[in-house]
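Novice: If you look up Swiss-Prot, you'll see 18-38 marked as transmembrane segment, on the strength of sequence analysis. Residues annotated as repeat 'Kelch 1' in Swiss-Prot: 123-170. Sequence annotations record features per position, and here Swiss-Prot assigns repeat 'Kelch 2' to 173-222. Feature annotation from Swiss-Prot assigns repeat 'Kelch 3' to 224-275. Summarising the annotation, Swiss-Prot assigns repeat 'Kelch 4' to 276-338. Taken from Swiss-Prot, the feature repeat 'Kelch 5' applies to 341-394.
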Amino acid sequence: MANKPDHHHHHHQSSRRLMLVLYFTSVLGIGFIAAFLCLSSSIPSVSAVFSIWVPVNRPEIQIPIIDSKIVQKRSKQSNDTKDHVRFLSAIFADIPAPELKWEEMESAPVPRLDGYSVQINNLLYVFSGYGSLDYVHSHVDVFNFTDNKWCDRFHTPKEMANSHLGIVTDGRYVYVVSGQLGPQCRGPTSRSFVLDSFTKTWLEFPSLPAPRYAPATQIWRGRLHVMGGSKENRNAVAFDHWSIAVKDGKALDEWREEVPIPRGGPHRACVVANDKLLVIGGQEGDFMAKPNSPIFKCSRRREIFNGEVYMMDEEMKWKMLPPMPKNNSHIESAWIIVNNSIVIVGGTTDWHPVTKRLVLVGEIFRFQLDTLTWSVIGRLPYRVKTAMAGFWNGYLYFTSGQRDRGPDNPQPGKVIGEMWRTKLKF
């Protein structure tokens, strides 16, 4: 008879093997732990090593949800900024607009930034301005719309401002009020002058009560009105409003105070239309001279742009009208009046919130005076600020200013003297 298997003995041997395995595993584990503790006491901790590359408790940074390619160092901002940089919001976008056919004309004799102009009949008088930040012009160039040629040039008075002028014409006499004298961010002058455009002679005119940079300037109801601008340090906002009676290039009385403008600042369009005085766009604050700089080197300061429209009527009270489609500045000479509408070309708008760079404007805006409504009626060949506009025989002209760096980069680039025209149809 065969013997039965001894199950109890087999189970006892298996238990002993398991206990031996656990024993040796435990000994090895204790050895590894001891070695690790010994080693860790003589070298930096893991977290300390990693902190060289990843700071501990680093601050949380809020970044808009956009393509990382547009977050670039300002000092290395490339010229091929992607299209979507310009479409973070409506303010920074190129507003959709009809494409216009542009014809390039004869360029101005010199490039100009912050130049100023007036149109008298078929002649566009272009005044002074920067050739570069280190050089300013002291002359007037004249363009003849009939011949489409630059036809004349003459000097301005030595004491007259070179940029940031207040300027207006009555159809013969050109009133030039205050402004900046010299290059970079030099100080302002209150000296004012009158040009007789028929004889090309200059006349003295009473100085403004205080010097101003780029004040809004117009002739309304027989009085020369000067409003806002920047104060003596170039950055502080001025709200002053003065007027003086004028006729045939002469002052008939003295400067007097008027109702201050509700929102001050420089670089605005100032228009008289339908017996109303309008002030459009502009900004608060501007670049100012760097402290102790012997050349008054321009230093960036905070600028707040706006597209607000203020109107003064027969009651001598300011009223707000609908604002521009987007904030816009540097448009002092960038407007014309045609078909009961104000047309404004180009300008500069709010700083880009990511790159912190200036954004130029490339649209053409129309403000209909009968309906008080704004529209975008076209696009310029490129974005440009401080352009100077004229209108003749159905054509809208613009010349000079500072253009962008290309179709996909709205930052300010080259100072130009180019002139273009397009047929206006509306």
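Just so you know, glycine gets a Cβ as well, placed from its N, Cα and C.
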Novice: Write out how many residues of the repeat 'Kelch 3' (224-275) are helix, how many strand and how many coil, based on DSSP.
Specialist: 0 helix, 24 strand, 28 coil
Novice: Looking only at the repeat 'Kelch 4' (276-338), what are its DSSP counts of helix, strand and coil residues?
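Specialist: Output for the repeat 'Kelch 4' (276-338) reads 0 helix, 26 strand, 37 coil.
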Novice: Which whole number is the mean pLDDT over the repeat 'Kelch 3' (224-275)?
Specialist: 98
